[in-house]
Amino acid sequence: MAYVTWLLAILHVHKALCEETLWDTTVRLSETMTLECVYPLTHNLTQVEWTKNTGTKTVSIAVYNPNHNMHIESNYLHRVHFLNSTVGFRNMSLSFYNASEADIGIYSCLFHAFPNGPWEKKIKVVWSDSFEIAAPSDSYLSAEPGQDVTLTCQLPRTWPVQQVIWEKVQPHQVDILASCNLSQETRYTSKYLRQTRSNCSQGSMKSILIIPNAMAADSGLYRCRSEAITGKNKSFVIRLIITDGGTNKHFILPIVGGLVSLLLVILIIIIFILYNRKRRRQVRIPLKEPRDKQSKVATNCRSPTSPIQSTDDEKEDIYVNYPTFSRRPKPRL
């Protein structure tokens, strides 16, 4: 009995640690990075605070209360500012001046609301290149504004899937839209401002993400990550394109670019063929000139007025004219 209690305690601690290390958004480190934090509900907000988890301790960055002035810690006083601290302070996104590697870590944006209670968003800042480069598209989907868009991801069949995560990938950040633990059939509540829906049922062979009433801002890359308990994972990336009244520049541009590249290759091949033909002709002309000169020399040696005699002329009789002398009788003596 004591062993079972001890095992349950370990599992509880492990679950708590996993929940603590989970973050809602991953942001690429840059000098002027912005950590987005917008409260999505309409409850009465009383206070908001920003903190950073260094791994060993939690450091306070700023605290804002509508009944008091904004308080920013001395270490961050001239390094951060709030983009929108208007009345209601629902958008408390934190922007940095000249951020450096020292700012890498996990940040917490905590809203205190009444009567709903605390609402927290965790943001992880990492050193990385553009996230879109690391997530090339596997499929394309086009839709019109106002439609309910359904993204589908086929799950692996060769190994058991424990968790499925849907993310929206942007160049500067990656947001978790939905997360489902298939073994426990538990869902993750997304802190992303855009509300989405997804399925979460054990034994399902595919995962879907529904984006209601799609708009132009929903265009972009969506990644479906399947993870096993052993750490094995697989990703599937879909590029969603919300058309603007029927024309889609984002979809047309790659096609036009491909056609232009194809025409350019064809033009280069044609120029190469024509160049080779011209070069061959230039090589043949000097070879013909000696033959022409020989024929001209042979022609000049012949008399222009003497025609070529035929074989019949060679067989004709030849007559010679001899002079005739008169025979006078010798005088008789």
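Placement of Cβ uses the backbone N, Cα and C atoms for every residue, glycine included.
According to Swiss-Prot, the protein has these features:
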- CYS37-CYS109: disulfide bond (DISULFID)
- CYS153-CYS224: disulfide bond (DISULFID)
- CYS180-CYS200: disulfide bond (DISULFID)
- ASN44: N-linked glycosylation site (CARBOHYD)
- ASN84: N-linked glycosylation site (CARBOHYD)
- ASN91: N-linked glycosylation site (CARBOHYD)
- ASN98: N-linked glycosylation site (CARBOHYD)
- ASN181: N-linked glycosylation site (CARBOHYD)
- ASN199: N-linked glycosylation site (CARBOHYD)
- ASN233: N-linked glycosylation site (CARBOHYD)
- TYR319: phosphotyrosine (MOD_RES)
- SER326: phosphoserine (MOD_RES)
- 1-18: signal peptide (SIGNAL)
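A map of Swiss-Prot features onto the structure.
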{"residue": "CYS37", "record": "disulfide bond", "CB count, 10 Å": "26"}
{"residue": "ASN44", "record": "N-linked glycosylation site", "CB count, 10 Å": "11"}
{"residue": "ASN91", "record": "N-linked glycosylation site", "CB count, 10 Å": "15"}
{"residue": "ASN98", "record": "N-linked glycosylation site", "CB count, 10 Å": "9"}
{"residue": "CYS153", "record": "disulfide bond", "CB count, 10 Å": "23"}
{"residue": "CYS180", "record": "disulfide bond", "CB count, 10 Å": "23"}
{"residue": "ASN181", "record": "N-linked glycosylation site", "CB count, 10 Å": "16"}
{"residue": "ASN199", "record": "N-linked glycosylation site", "CB count, 10 Å": "14"}
{"residue": "CYS224", "record": "disulfide bond", "CB count, 10 Å": "26"}
{"residue": "ASN233", "record": "N-linked glycosylation site", "CB count, 10 Å": "15"}
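Reduced to three states, the DSSP call for ASN98 (N-linked glycosylation site) is coil. DSSP assigns ASN199 (N-linked glycosylation site) to coil in the three-state reduction, placing it in neither a helix nor a strand. Annotation for CYS109 (disulfide bond): spatial neighbours LEU35, CYS37, VAL48, GLU49, TRP50, MET92, LEU94, GLU120, LYS121, LYS122, ILE123, criterion Cβ-Cβ under 8 Å with sequence separation of six or more.
Within the same chain, residues at least six positions away from CYS200 (disulfide bond) with a Cβ under 8 Å of its Cβ are VAL164, CYS180, ASN181, LEU182, GLU185, THR186, ARG187. Here the C-alpha separation of ASN199 (N-linked glycosylation site) and CYS224 (disulfide bond) works out to 13 Å.
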